[in-house]
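Engineer: So Swiss-Prot lists these for the protein:
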type     : residues                                         : note
REGION   : 21-45                                            : region 'Disordered'
COMPBIAS : 22-31                                            : compositional bias 'Polar residues'
BINDING  : 115, 141, 142, 143, 194                          : substrate binding site
DOMAIN   : 172-278                                          : domain 'Fe2OG dioxygenase'
MOD_RES  : 177                                              : (4R)-5-oxoleucine
MOD_RES  : 177                                              : (4R)-5-hydroxyleucine
BINDING  : 179, 180, 181, 269, 270, 271, 272, 273, 274, 275 : 2-oxoglutarate binding site
BINDING  : 191, 193, 257                                    : Fe cation binding site
């Protein structure tokens, strides 16, 4: 009997100890919101928020926006910019030629002017100008590496229009570049009428007949922009049938202009640009 008890004690020594049942301990938690007074919860949150420090950070990059184009569509004299070069000014005279007479002039010019499509050169690449042109004047005229030969045989209608513009504006002109935009696909790209033969601050008188086209202008960027026109000032001028536009002052030095293609169908448009050409650029007023 004693031997059995001894063996039982030895076997029990090798047995794994009995795990005691874990007694769940209550977790330490904040008091239930149900036991808090109204508003106490928000005060606690407010206390935590007030402990946070607000740090203002300067924006890393300044956002630049291109200015909205200025639209000029009423009669008047407009100073569009002032720079060390001088004042850039445009004068708009809608209805300079009444509609009935303008209709007759458009028909005469489309039929009688010796229109020709010329080949231009830009960046050593030749291209067909997307419009027809003609030149009148005692002297040749060169632009975009195109030379217009002298043509002293003014059409009577053109001479009459030149005289009328001179009488009404006080300016005088000796030459005329004519442009025929046959449809919405014809255009003229960005440029300035700043050839040396025109002298300093040339005055350009532009008279339009036919379909209304938008005359766009953009200011030349300052040197620090490295030729980027993204943020420059812009002007849009709708040129209607019989409208006269005068560009004077520093407009050609400080601005570029163009007549862009249109998305919608357009009837023909004739544009007459009167100017003064000097025989020797060295003798031109600079």
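Cβ coordinates come from backbone N, Cα and C, glycine included.
Give me the structural setting of these features: burial, nearby parts and distances.
Structural biologist: In sequence order, 148, 195, 197 make up the list of same-chain residues 6 or more apart from residue 142 (substrate binding site) whose Cβ falls under 8 Å from its Cβ.
Taken residue by residue, the domain 'Fe2OG dioxygenase' (172-278) breaks down under DSSP into 10 helix, 49 strand, 48 coil.
Shown in sequence order, 133, 134, 135, 141, 148, 272, 273, 275 are the residues of the chain, 6+ apart in sequence, with a C-beta less than 8 angstroms from the C-beta of residue 177 ((4R)-5-oxoleucine).
Residues near residue 193 (Fe cation binding site) in space but far in sequence (CB under 8 A, at least 6 apart, same chain), listed by position: 143, 202, 204, 247, 252, 273, 275.
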Engineer: Identify all same-chain residues not among 191, 193, 257 whose C-beta atom falls within 8 angstroms of the centroid of the Fe cation site's C-beta atoms; report them in sequence order.
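Structural biologist: Other same-chain residues near the Fe cation site: 188, 190, 192, 194, 252, 256, 258.
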Engineer: So which one is it: of the binding-site residues 141, 181, 274, which has the fewest other Cβ atoms within 10 Å?
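Structural biologist: Counting other Cβ atoms within 10 Å of each of the binding-site residues 141, 181, 274 gives the minimum at 141.
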Engineer: Long-range same-chain neighbours of residue 270 (2-oxoglutarate binding site), Cβ under 8 Å, sequence gap at least 6?
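Structural biologist: The answer is 106, 109, 110, 113, 178, 179, 180, 181, 208, 209, 210.
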Engineer: Of the binding-site residues listed here (191, 257, 274), which is spatially closest to residue 115 (substrate binding site) when Cα positions are compared?
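Structural biologist: Nearest listed residue in space: 274.
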